[in-house]
Amino acid sequence: MENQKVPISSVPNLKELSRPIANFPPSIWGDRFINYTCEDENEQAQKERQVEELKEQVRRELAATVDKPLQQLNIIDATQRLGIAYHFENEIEESLEHIYLHTYVKNNCFQGSHDLYSVALWFRLLRQDGYKVSCDVFDNFRDYEGNFKNSLMEDAKGLLELYEATHLSVHGEEMLDDALEFAKTRLESIVNHLNYPLAEQVRHALYRPLRKGLPRLEAVYFFRIYEAYHSHNKALLKLAKLDFNLLQSLHRKELGDMARWWRSLDFATKFPFARDRLVEGYFWILGVYFEPQYSLAREITTKVFAMISTIDDIYDAYGTLDELKLFTEAIQRWDVGSLDQLPEYMKPCYKSILDVYNEIEEEMANQGSLFRMHYAKEVMKTIVEGYMDEAKWCHEKYVPTFQEYMSLALVTSGYTFLTTISYLGMGGIASKEAFEWLFSHPPIIEASESICRLMDDMSSHKFEQERGHVASGIECYMKQYGVIEEEAHDEFHKRLVKAWKDINEGFLRPYAVPEPLLMRILNLTRVMDVIYKNEDSYTHVKKAMKDNIASLLIDPMIV
């Protein structure tokens, strides 16, 4: 932490103020994404024609396997892992419903019930699609004492699929908890004795299971794994690579537009104390939805994300308590007339928020969805009030109880805020009823907020305390329960496991809201696992984050 004396003429009777500057690293990207060169139109059109032809071929293959459930499940799994399932949503939905009805409802089993890989794949794909198939299907793989059979010890492929399936568990499924421990322990012991590509798959899954991975990043990883298997479907792989490159061109264009907008605001100069993370913010939102139909949604959410990131830093890395009260009141009034009452340095931020919201409001009016703006403004007011409460705690050096901390920290995690904003550009499915459901704070939302807050606290605790930030959840828990930091981390891990089960329960049919809306919640949660698993990669952009961004926005696939 560095206390700097900064003159503020707009605050009466104070010529200079001491501010706890965080010294965030600057952006590493410069103008890297400012200048986007469009691909040749003829080449683009040719790729699009190839994609359409290959899509038809895959549809025919899915239809041809209707009476071969395992073969069909393998095709569905490959399309999902390769990031092209969005092209076949109806076909996949019909196929899984058919498999569910004919292998579970009628037979209460899967035809390959003595093959661990087949049963685990069947279980995982149906659970992912919301079907509450019973984990009793794994009974065949346990002995009379309830332990998993020793004969499974060398079935690496089956163990890997079992491991992936266990991450779809919900509360009360102790068998899957046991299966996770069994599969994980055994995979860890044999991974160094496996051959490529299976060994690489196991290492990757042990670090990040599919359920917690971002679909777009998982696709990049899976391309080379899938290609290494001689049995891979050449049409699927070619389609996936072509589609990846077409989408990458779209995403780079979007980011170029965003980067020019961001530079026009000149926030890096006006708010040098704040994190300049436009590119990382776009990557975050790209994790929420990458599909082409959500281009407007990405633009809206990225712009608002950039605003709230700056506001967050004003509250916890620069503003004085008196200044923050003025800003909080201005947000509550939501009126351009409030500009005159703000310190000079705050004015560009406040005006930009109003401008961004006015731009969104115009778009919502054109869509006949103006009602959404009420919710968008309410979450902004709520999160800013939360930031204000945290600033008071910090100013007073107050360490709340863990329960008191979490009640506020869930709000300032920003995940109800981001989920609300992510719905704005999603078209007709984002109904008034969907927003009311979201504002009722259902368990899946609280779980997403909890994962966000707990992972953030675990990864950034030391840095935040060094710079005099508000007490973190780790600190509050240690003080209240008289435990060491390691014990607090263990408790947080247990809470993360519980929260993921809540997420999974929220995805069981019947859905509370349309599945695409639930998917935004899941993907926002997945982003946290990617960015905050071991460190705060948003604040401190290191190799892992650079590589992830490059893989999605710089490096094309070789077809």
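For all residues, glycine too, the Cβ spot is worked out from N, Cα and C.
Your range for motif 'DDXXD motif', going by Swiss-Prot and the list 312-316, 357-361, 362-366, is 312-316. Only residues 6 or more beyond the boundaries of the motif 'DDXXD motif' (312-316), in the same chain, are considered here, and those with a CB under 8 A from a CB of the stretch are 22, 24, 271, 273-275, 324, 327, 346, 349, 384, 387-388, 390-391, 394, 414, 469-470. Fewest other C-beta atoms within 10 angstroms, among the binding-site residues Asp312, Asp316, are seen around Asp312. For the motif 'DDXXD motif' (312-316), residue counts in helix, strand and coil come to 5 helix, 0 strand, 0 coil, using DSSP.
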